Amino acid sequence: MKGPAFSKPLKDKINPWGPLIVLGILIRAGVSVQHDSPHQVFNVTWRVTNLMTGQTANATSLLGTMTDAFPMLHFDLCDLIGDDWDETGLECRTPGGRKRARTFDFYVCPGHTVPTGCGGPREGYCGKWGCETTGQAYWKPSSSWDLISLKRGNTPKDRGPCYDSSVSSGVQGATPGGRCNPLVLKFTDAGKKASWDSPKVWGLRLYRPTGIDPVTRFSLTRQVLNIGPRIPIGPNPVIIGQLPPSRPVQVRLPRPPQPPPTGAASMVPGTAPPSQQPGTGDRLLNLVQGAYQALNLTNPDKTQECWLCLVSGPPYYEGVAVLGTNSNHTSALKEKCCFYADHTGLVRDSMAKLRKRLTQRQKLFESSQGWFEGSFNRSPWFTTLISTIMGLLIILLLLLILLLWTLHS
């Protein structure tokens, strides 16, 4: 009796490359997690390229993260048209041609996502009306899903000679290259969330009432460079004197001045020793002291009993106040650098000093109470005794009243 065809041993079905594939996936995931920190700063370069001529219309570099490095890009329409544009006679070779280009509206169609019927590169992805997503035209083309918006700059159409300053330097208003058709490219919300791992392409067409609208195409590319190894986070190298906090200075009463002895030469007072630079501990304690003073001035009722803690998480040290009894609030906050404070100030010496201050506060509280109220606080059993005696007296009084009422009736 023959066995089924799929009854081979299990070891023959195991892929020998399986462990290596799993290891490669884990390594790749670890690398991606290491380099995909949203706070890492890169050198980001955006480049606008005329695909008809291969020339760069704009190249802008800046430092930023992958979520905020989206600047406005400024370039000229003639950088996309070139010296000669198709067979329509439009060109940017002469001042007159550049000035004429300012009189036309334009519209832009995306090539990275081409809707049905919008054509290909030959049509500039604008094969029919409705494919345009942005531009500067009387019908105001727009889109809610495209990655960019492209509009004219703030130069009015009826101003500017469009003369090249390198050729006609004596003409007022001449610009480098005769550029007088400024464009502004902005990233939309969809563009800031999109993936820019590969270039994105758009088609641009000048609108003419009659004839064929001339076509050009441009691409937008992002290049990301690592600015170098990350600097480890640690103590500020500028702050010198990483010293522990100094002990509080004991205040001494000034001694009365003594007259100099007779015949003694007058002594020139020496210069005072320079004050010691505060250490790191003093700086941190000053932060807590400042937080206490601000809290005591703004909300004095909240400084009756509170804990002020140094939160060591970047980017700042913060004062945290917790109201309540003198329980272990610091463990709930998971802090190791907390100071108890009340209206008398911060306690920074030791827990013994803290207990002493709490004892003084308790004595002050008890001294403000009457003897009867204080007896209840000092003797817990006294409350139970009084309650028991009062209960028995009330029962006896009720029995006596019931007995008198029975005899009377």
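Placement of Cβ uses the backbone N, Cα and C atoms for every residue, glycine included.
For reference, Swiss-Prot has these:
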type	residues	note
CARBOHYD	Asn43	N-linked glycosylation site
CARBOHYD	Asn58	N-linked glycosylation site
CARBOHYD	Asn296	N-linked glycosylation site
CARBOHYD	Asn328	N-linked glycosylation site
REGION	254-280	region 'Disordered'
SIGNAL	1-32	signal peptide
TRANSMEM	385-405	transmembrane segment
Length of the line joining the Cα atoms of Asn58 (N-linked glycosylation site) and Asn43 (N-linked glycosylation site), in Å: 16
Between Asn296 (N-linked glycosylation site) and Asn43 (N-linked glycosylation site), the C-alpha gap once rounded to whole angstrom: 46
Three-state secondary structure, Asn58 (N-linked glycosylation site) (per DSSP): strand
Nonlocal neighbours by CB distance (under 8 Å) for Asn43 (N-linked glycosylation site), same chain, sequence gap 6 or more: Ser61, Leu62, Leu63, Val224, Leu225, Asn226, Ile227
